[in-house]
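Q: Just passing along the structure, written as structure tokens.
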Amino acid sequence: MANVVVIGAQWGDEGKGKITDLLSRSADVVVRYQGGVNAGHTIVVDDRVLKLHLIPSGILYPETICLIGSGTVVDPKVMLGELDMLIANDIDISGLQLASTAHVTMPYHRLLDLAMEKQRGDRRIGTTGRGIGPTYADKSQRSGIRVIDLLDEARLRERLEGPLQEKNQLLETIYGVEPLDAETVIKEYLGYGKRLAPHVVECTQAIHQAARARKNILFEGAQGTLLDLDHGTYPYVTSSNPVSGGACIGAGVGPTLIDRVIGVAKAYTTRVGEGPFPTELSGRLNDQLTERGGEFGTTTGRRRRCGWFDGVIGRYAVQVNGLDCLAVTKLDVLDELDAIQVCVAYELDGERIEHFPSSAEDFARCNPLFETLPGWQCSTEDCRKLEDLPDAAMAYLRFLADLMEVPIAIVSLGASRDQTIVVEDPIHGPKRALLSA
């Protein structure tokens, strides 16, 4: 039995969905522990492309329990849309569970998110506009609506009365937005609650029951380390904690229940939205990575910013998350390049630094210091074993493992499930990986 956390080691969009899908084959329970519909993951199954935002990737396995944990924020309309999509694709949803204590994104959260971002102008953060920040803000202010409130009309009315009056006043007087009608909102969200009720459970009880039965539990994070509210490139961050420690809070478990932590990183780096990005590319190389990598957001459709692999933020992710091993994705995107650069340090105010600065302003002034490695200029998409990889590709992976000081357990070479090299089974194998410097 092993309980594993999967996190993003960059700015999100690292390919966690595919890796979680792969590991879900060996998991009895998959837990999504933070975030909301601002994150998305794409899974390719038998030529079908399934895009999910809230529901864990493990839903594709009929015997797997998929739990949306207390640390998430749930947009019930989006969630029900995903459920309908899965049903239309003949996927069994009976294993889906939703924490009764997860907070709910209400219509005023989305309106406020869009209005506040518009008002910021040039100081915009790059929010997805899905209401995630305002939902977490209400949670912190103890005025939020939780899933359990959608199951009882009297409780929902009581919980909603004050917040809705306050939000309507804000929307009207500050942002010039039409107020929401209380009865319309109550009717709509009671309807959502009725449909979701069969899936609602007590999160902590469900997880600890599985742990007592010695089940394999997989904790799935959304976004990435550099978007963490406390440890990311603040203020260009999300409103929750995608790092591995967030799994304990968002799922309601102690750290002793976690056996290992797997980080997922692309073979290069991408970022969506605003904020510093030292290794960002422009021109032909940027376009090449964007097109070959399909770098458009699952949630927003926005074009992702592309750059070389950044070993400084990689080492930082290893430290913050306590990574045991790494899954490297999209190695195939680099197949056509004759030379590949990797950032090994920064230059800030004339000094070489090898750490991630805590100030976004300092980070924006960092210049990347690169080492250049030879490309392999041949396809890796059909490689299924390490020995199938070109020598230069192997050298590149070993360089990344050495730079980040963590072994590589999985290499992904395309979107399909079979386009994967599993160096070491992170769940059933020994606590090590074979591909290291």
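Every residue gets a Cβ built from N, Cα and C, even glycine.
Taken from Swiss-Prot, the feature GTP binding site applies to 12-18, 40-42, Arg304, 330-332, 412-414. Among the features that Swiss-Prot reports, active site, proton acceptor is placed at Asp13, with the record citing sequence analysis. According to Swiss-Prot, the feature Mg(2+) binding site maps to Asp13, Gly40, an assignment based on sequence analysis. Per Swiss-Prot, IMP binding site is recorded for Asp13, Glu14, Gly15, Lys16, Asn38, Ala39, Gly40, His41, Thr128, Arg142, Gln223, Thr238, Arg302, and the stated evidence type is sequence analysis. Annotation source Swiss-Prot lists active site, proton donor at His41, citing sequence analysis. The substrate binding site annotation in Swiss-Prot covers Thr298, Thr299, Thr300, Gly301, Arg302, Arg303, Arg304 and is backed by sequence analysis.
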Q: Lys18, His41, Arg302: which of these recorded positions has the sparsest Cβ neighbourhood within 10 Å?
A: Arg302
Q: Could you measure the widest C-alpha to C-alpha distance across Asp13, Glu14, Gly15, Lys16, Asn38, Ala39, Gly40, His41, Thr128, Arg142, Gln223, Thr238, Arg302, the residues recorded as binding IMP, and give it to a whole number of angstrom?
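A: Output for IMP binders Asp13, Glu14, Gly15, Lys16, Asn38, Ala39, Gly40, His41, Thr128, Arg142, Gln223, Thr238, Arg302: max Cα distance 34 Å.
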Q: At 10 angstroms around each C-beta, which of the binding-site residues Gly12, Gly301 has the fewest other C-beta atoms nearby?
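A: So among Gly12, Gly301, the binding-site residues given, the one with the fewest Cβ atoms within 10 Å is Gly301.
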Q: Fill in the CA-CA distance, Asn38 (IMP binding site) to Leu331 (GTP binding site), as an integer in Å.
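A: Rounded to a whole number, the Cα-Cα distance is 26 Å.
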Q: Taking Gly40 (Mg(2+) binding site) as the reference, which of Asp13, Lys18, Gln223, Arg302 (the recorded positions) have a CA within 10 A of its CA?
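A: Hits: Asp13, Gln223.
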Q: Using C-alpha positions only, work out which of the recorded positions Asp13, Gly15, His41, Thr42 is nearest to Arg304 (substrate binding site).
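A: Closest by Cα distance to Arg304 (substrate binding site) among the recorded positions Asp13, Gly15, His41, Thr42: Asp13.
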Q: Rounded to a whole number, how many Å is the Cα of Gly15 (GTP binding site) away from the Cα of Thr128 (IMP binding site)?
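A: Thr128 (IMP binding site) has its Cα 19 Å from the Cα of Gly15 (GTP binding site).
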